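Participant: The structure is given below, and queries will be raised subsequently.
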Ligand SMILES: *Cc1c(COP(=O)(O)O)cnc(C)c1O
């Protein structure tokens, strides 16, 4: 089997699992208790907080553990909206956000907030000048993702952050796809808040973190015991936190090496597919993209059929994001880069991981070629010379 859907989730690294296991059984203490067992849990949690902070260039006390990327996005956006409701009611975001950001913004729109969704153009990149134009005296938050989960494009976060800072507006970025894959430094990037999820970087599901810069004041969503300095009450998920910390440490130790390796696989894949299959195209930006992402479109192909036939050949890939692949509407990201609905439906996302090999890539290129040819031979729409050629 070739697992090539790492943007949906990744396997837990065996070293991460090994580090987590004792915290389910012998070291099961509640981190809020005073005795040795509790202190042990607390020590493990603070070690993990340092590991997360180190990977993103933050101070440990700026890292808050949450249940994952979705929760981190919700706290950052709703927490700001709630805290600053007397200051303004306007939020700026982009057309290509993950549903965790998009749907949160839509929810706020129903509750009296104004949201500007910035276009991204056909390469899938937000223009800093568009952000500037969208700012009003009412703007309280800018939230633009670091790297897109479908087409892998990397946004000009540092520049948007500098602008936000100059205007005194909080800036949040969803960095779930980028943390552990490319360098992420909260200082360099001028961000006030940044979302992380463990299961996208070889850690367990159901655990993540929100970076909140010292001095940034937002409201919590949950109220309860004082855990995570009141920002996220609830008895801490120590095994998950330990897993997230270990995954971050491994990612930091291997960042350069993994980037180089995975991007060489990606380039081999892109070259192979575009070279071998007629009327195949790459979605997104040619270079400003994640080292592990390739998103293709094939004329006269139904993405769902392609994914199912690749599955039959042992290859796991996606049509769009895992979250949208259950819906029948085309991906909002592919529509935002200007694809026609039929082309958006004919797209395939391949997101690679460190356990993939060059042999996997060559097998995948051949498999896609074979499946695309078979599907086209059955398609009444397929025409080897496109009308507009
Ligand atoms: C996966 C993902 C999320 C959601 O993270 P969960 O931990 O699954 O809640 C948010 N944003 C992006 C960009 C993602 O890829």
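Numbers here mean position along the shown chain, with the first residue as 1.
A Cβ is built for glycine as well, from the same backbone N, Cα and C atoms used for every other residue.
Just so you know, TrEMBL annotations are computer predictions that nobody has curated.
Just lifted these from TrEMBL, have a look:
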ACT_SITE  323  active site, cysteine persulfide intermediate
BINDING   69, 70, 149, 177, 197, 198, 199, 235  pyridoxal 5'-phosphate binding site
BINDING   323  [2Fe-2S] cluster binding site
DOMAIN    3-363  domain 'Aminotransferase class V'
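Show me how these features fit into the shown structure, please.
Facilitator: Of all the Cβ atoms in the protein chains shown, 21 others lie within 10 Å of the Cβ of residue 70 (pyridoxal 5'-phosphate binding site).
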Participant: Rounded to whole angstrom, what's the largest C-alpha distance between any two of 69, 70, 149, 177, 197, 198, 199, 235, listed as binding pyridoxal 5'-phosphate?
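Facilitator: Answer in Å: the longest Cα-Cα distance is 30.
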Participant: Given a 10 Å Cβ-Cβ cut-off, pick out the one of the binding-site residues 149, 177 that has the most other Cβ atoms nearby.
Facilitator: 149
Participant: For residue 70 (pyridoxal 5'-phosphate binding site), name the DSSP secondary structure in the helix/strand/coil scheme.
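Facilitator: SS state of residue 70 (pyridoxal 5'-phosphate binding site) = helix.
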Participant: What does DSSP call residue 197 (pyridoxal 5'-phosphate binding site) in the simple three-state scheme?
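Facilitator: Where residue 197 (pyridoxal 5'-phosphate binding site) sits, the three-state DSSP reduction gives strand.
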Participant: Counting only residues 6+ apart in the same chain, whose Cβ is under 8 Å from the Cβ of residue 199 (pyridoxal 5'-phosphate binding site)?
Facilitator: 9, 10, 12, 68, 205, 206, 207
Participant: Relative to ligand 1, which of the binding-site residues 197, 198, 235 have a Cβ found under 6 Å from one of its atoms?
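Facilitator: Near the molecule: 197.
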Participant: Between the binding-site residues 197, 235, where is the Cβ count within 10 Å the lowest?
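Facilitator: Counting other Cβ atoms within 10 Å of each of the binding-site residues 197, 235, the minimum falls on 235.
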